[in-house]
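Enquirer: Dropping a structure here in structure tokens format, bear with me for questions.
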Amino acid sequence: MFWTRYAGASVLLFLMLIHLGQLYPRNYMNNFGCEECKLKENNIFSKPGAPVYQCMGCCFSRAYPTPLRSKKTMLVPKNITSEATCCVAKEFKQVLVNDIKLVNHTDCHCSTCYYHKS
């Protein structure tokens, strides 16, 4: 009899926790403190009438345990594998500002992070 009450209370508590977890919007928690990937004006290099834009914002990233099959093929085995995409320029144009060649981004998207490539 005691075990039945204990199991019933545990199931009820579990269902309440699931309900509370669904009250929070998921997209708010995922992007906390970071805006989506888009063009923003670079205030340092922009001049009146000649704005310079660059891609800024957040994209997808995650970490998960490394599968055993993959771990066996690694030169230096690691327990955690991570994947990430970065906010990068999809299209750009070369511009000249104060005799300095700059890359002015014209379109952005989430793609492979350059610093992760080897």
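Any Cβ shown, glycine's included, is placed from N, Cα and C.
Straight from Swiss-Prot, here's the annotation block:
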type	residues	note
DISULFID	Cys34-Cys58	disulfide bond
DISULFID	Cys37-Cys87	disulfide bond
DISULFID	Cys55-Cys108	disulfide bond
DISULFID	Cys59-Cys110	disulfide bond
DISULFID	Cys86-Cys113	disulfide bond
CARBOHYD	Asn79	N-linked glycosylation site
CARBOHYD	Asn104	N-linked glycosylation site
SIGNAL	1-23	signal peptide
Enquirer: Let me check the 10 A CB neighbour count of Cys59 (disulfide bond). How many other CB atoms are there?
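Expert: Taking every protein chain into account, the count is 17.
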Enquirer: State the Cα to Cα distance, in Å, between Asn79 (N-linked glycosylation site) and Cys113 (disulfide bond), rounded to an integer.
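Expert: That separation, Cα to Cα, works out to 21 Å.
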Enquirer: So which one is it: of the disulfide-bonded residues Cys108, Cys113, which has the fewest other Cβ atoms within 10 Å?
Expert: Cys113
Enquirer: Near Cys86 (disulfide bond), how many other Cβ atoms are within 10 Å of its Cβ?
Expert: 19
Enquirer: Look at the glycosylation sites Asn79, Asn104 and tell me which residue has the greatest number of other C-beta atoms within 10 angstroms of its C-beta.
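Expert: Sorting the candidates by Cβ neighbours within 10 Å, the top entry is Asn104.
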Enquirer: What's the CA-CA gap between Cys37 (disulfide bond) and Cys58 (disulfide bond) in angstrom, rounded?
Expert: 5
Enquirer: Looking at the disulfide-bonded residues Cys34, Cys59, Cys86, Cys87, Cys110, which has the shortest Cα distance to Asn104 (N-linked glycosylation site)?
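Expert: Checking each of Cys34, Cys59, Cys86, Cys87, Cys110 against Asn104 (N-linked glycosylation site), the shortest Cα distance is to Cys87.
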Enquirer: Can you tell me which disulfide-bonded residues out of Cys34, Cys87, Cys113 are within 10 A of Cys55 (disulfide bond) by Cα, answering none if there aren't any?
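Expert: Passing the 10 Å Cα cut: Cys87.
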